[in-house]
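Colleague: OK, TrEMBL features for this one:
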type	residues	note
DOMAIN	22-92	domain 'NXPE C-terminal'
DOMAIN	253-734	domain 'Cas1p 10 TM acyl transferase'
TRANSMEM	269-291	transmembrane segment
TRANSMEM	355-375	transmembrane segment
TRANSMEM	395-416	transmembrane segment
TRANSMEM	446-466	transmembrane segment
TRANSMEM	473-495	transmembrane segment
TRANSMEM	507-526	transmembrane segment
TRANSMEM	561-579	transmembrane segment
TRANSMEM	599-617	transmembrane segment
TRANSMEM	659-680	transmembrane segment
TRANSMEM	692-711	transmembrane segment
TRANSMEM	731-750	transmembrane segment
Amino acid sequence: FKGGDTCEYLLSSGRFLGEKVWQPHSCMMHKYKNSEAKNCLVDKHIVFIGDSRIRQLFYSFIKLINPQVKEEGNKHGNIPFEDKSASIKVDFLWYPEVNGSMRQRIKSWTEGSVAKPHIIVAGAATWSIKIHNGSNEGLTQYKINITSIAPLLEKLAKSSDVYWVLQDPVYEDMLSESRKMITNEKIDAYNEAAVRILNSSSRNSKTKVKVFSVSKLIAQETIMKSADGLHLPESSRDTNAMILMNVYCNKIMKPIDGSCCQPQPPLTLIQKLAFCFFILSIIGYVIINLIHRNNYRKNKSCTDLESGEEKKPTISTPNVSTLEMLLHSFCKLGLIMTYFYLCDRANLFMKENKFYTHSSFFIPIVYILVLGVFYTENTKETKVLNREQTDEWKGWMQLVILIYHISGASTFLPVYMHIRVLVAAYLFQTGYGHFSYFWIKGDFGVYRVCQVLFRLNFLVVVLCIVMDRPYQFYYFVPLVTVWFMIIYATLATWPQIVQKKANGNCLWHFGLLLKLIFLLTCIYFLSYSQGAFEKIFSFWPLSKCFELNGNVYEWWFRWKLDRYVVFHGMLFAFIYLALQKHQMISEGKGDPLFSNRVSNVLLFISIASFLTYSIWASSCKNKTECNELHPSVSVVQILAFILIRNIPGYVRSVYSSFFAWFGKISLELFICQYHIWLAADTKGVLVLIPGYPMFNVLVSTFIFVCVAHEISQITNDLAQIVVPKDNSTLLKRLLCVAGFFSGLLLFSAMQDQSRH
């Protein structure tokens, strides 16, 4: 660990991912849009001073502000640029040599009467080499001249950002005869002199001239594509300009995916209280443990010397046991949350940008599929979508989604469309599972609702507090929570129609269908009425849960994207349970679901439908248009998969225990990946072991899976304590939870006020 100065890494080291994507060492670089660049540089004056290479960098920089700029004007003269809408002024000053003229211009900025530029980018050497024909006298003069301007640049660095751009290597074979004396050996000598002389008298890091040496590394990889052997190709210049923008703007704009040069965010009041709570839990658990050990020693079984009988130790009371389990759970959770914070909020571990290649996505997919098939076992029951099968389904989907996220495959549209179906399939299972439970059990009690809500939301609420993120940031949990409440409201409202009641009178089936039709109508209306949807979720305190970046648009978009699939899951459960009740399907071990003829026809239709959807998704050209069709057509592939998986008796009778194990912790895996497997809130990749990408993924994945499994156990343990079956005790707990969230809202309001 070399320290947290990622600016130094950004300016001096990195590597190419592929041909054009530059990856700084240890941190992530944000790709600035024109609007973001303008917001950062508003009312700023930037000066580029130097030779033709600096002029190239100047043009690439101003194109980040205005892409329409053309490289026109006197090549050997000053070039002004101004964006009046944002009051940004950028000047290029032609000083191809480090000499008295350059010194005089820099000195003028140090005098009180002249306004100092906010950013100064300087650099020159190739003209000196050319004019002095590569002689040692020229290098000696360069050292004298740079020594004279170094104190002036250091003085400017106290109030401005000053960058000295080192000279890029040249491609000697392509240089014209008039430039043959500009060799890489000479350039290295001039760069070495500049680095040694600059900041030689400065002891304070804040007043140092920042040496922009990363362009040398970029040039080493790309100078062969140069048009004349001296000047960089456009893509390399653009990378240098983007690095310059990140160095200056990241600390101002604080982009999530721009971790370079960003200071560690200060702890909020809620975070401080959370850490105090976890510390107290750890202290409490240690004290209780010590007390128990002391009592155990006192009451330890020992042989009475007189009677020869063994004394039995006293048994601890249940209350102490419950308290110990509670403190033990919070103790473990506190240590885990510390790891979360260190990974994604403290500048302790490195973060890198994602880079997609087909091999980085498809090779791991093939690998886990082979593993999944290897761990095949017989199911305990052979019903359609039995527990083991749904766990398996969740497991392989979650693993595919994880690989999709870490590989950055969202940039490849066919993969994106198939992943959207997997997310829809999760919601389909939500509709299927909860409808089946309420329909068969008829249990609409508060205990069931609280258990489900606690298990879904516990981890996310803790992360919102510890990681200082809004609830909507973890969009999938709000999605399944709201859909669970919609399913509950649909079935629990009068008249409550359950299977037991419907078996007595077939008319109740029609009543349930009317409820489902009403639900579908409401979904349809809200999906095409953004205003009504936003009004519903903009009311306080709902707005605190569903707002992201000050509005609920993201929540509306997420909800709309899979708006029908939960309804499809409920409808499928209703039809399946009706067929099962009337013994129209065969679910015996090894038996096909229907008669051989019907099974074969349905299997053929399912395979054809599955492949047709995949072909359509793979030929998708426009993400917006495909997202519009997705809510209506995603159910085709989901139903096709269910039928392919369940119609053949043998296939229905086996499952992958490997996938099922991951399926049991799929929710924890989905949420934990945000901070301890990926980084910068999923925008990048966490680097625990720099320099060894494969080994890093293995280690971070192992820790990530272990943590997700541990959190799943903690959630289950706490659910038994926090959500008791006794109604009176449960009511008291609910009042405590209401008080907790009221306090959370109060502290959140205080935080918002202090930020503003």
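Placement of Cβ uses the backbone N, Cα and C atoms for every residue, glycine included.
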Colleague: May I ask which of the stretches 395-416, 692-711, 731-750 has the most CB pairs under 8 A with the transmembrane segment (355-375)?
Modeller: 395-416
Colleague: Run the contact check on the transmembrane segment (473-495) against the transmembrane segment (692-711): 3 or more C-beta pairs under 8 Å, excluding pairs closer than 6 in sequence.
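Modeller: No; fewer than 3 Cβ pairs under 8 Å.
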Colleague: Considering every residue in the domain 'Cas1p 10 TM acyl transferase' (253-734), what is the mean pLDDT value?
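Modeller: It averages 92.
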Colleague: Reported in the order helix, strand, coil, what are the DSSP residue counts of the domain 'NXPE C-terminal' (22-92)?
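Modeller: Per-class counts: 22 helix, 19 strand, 30 coil.
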Colleague: Same-chain Cβ contacts of the transmembrane segment (395-416) under 8 Å, 6 or more residues past its ends?
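Modeller: Long-range Cβ neighbours of the transmembrane segment (395-416): 354-358, 360-361, 364-365, 368-369, 372, 422-423, 425-426, 617-621, 623, 626, 656, 658-664, 666, 669-670, 673, 677-678, 682, 685, 697.
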Colleague: Determine whether the transmembrane segment (692-711) and the transmembrane segment (731-750) share at least three Cβ pairs under 8 Å, counting only pairs 6 or more apart in sequence.
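Modeller: Counting Cβ pairs under 8 Å, fewer than 3, so no.
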Colleague: Out of 446-466, 507-526, 599-617, 659-680, which stretch touches the transmembrane segment (731-750) the most, going by CB pairs under 8 Å?
Modeller: 446-466
Colleague: What residues elsewhere in the chain lie close to the transmembrane segment (446-466), defined as a C-beta under 8 angstroms and at least 6 residues from its ends?
Modeller: 270-271, 274, 333, 337, 340-341, 434, 437, 473-474, 477, 480-481, 484, 488, 667-668, 671-672, 674-675, 711, 715-716, 718-719, 722-723, 725, 727, 730, 734, 744
Colleague: Which residues of the same chain, at least 6 past either end of the transmembrane segment (561-579), have a Cβ under 8 Å from a Cβ in it?
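Modeller: Same-chain contacts beyond the ends: 384-385, 420, 423-425, 427-433, 435-436, 439-440, 479, 483, 486-487, 490, 499, 509, 512-513, 516, 519-520, 523, 526-527, 585, 627, 630-632, 634-635, 638-639, 642.
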Colleague: So what's near the transmembrane segment (659-680) in sequence-distant terms, Cβ-Cβ under 8 Å and 6+ beyond its ends?
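Modeller: For the transmembrane segment (659-680), the far contacts come to 28, 256-257, 259, 339-340, 343-344, 349, 351-352, 372, 375, 388, 390-399, 401-402, 405-406, 426, 455-456, 459-460, 463, 467, 474, 476-477, 686-687, 700-701, 703-705, 707-709, 711-712, 715.
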Colleague: Could you pull out which residues elsewhere in the chain have a CB under 8 Å from any CB of the transmembrane segment (507-526), counting only those six or more residues past its ends?
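Modeller: Same-chain residues near the transmembrane segment (507-526) but 6 or more away: 486, 490-491, 495, 497, 501, 532-533, 536, 563-564, 567, 570-571, 574, 578.
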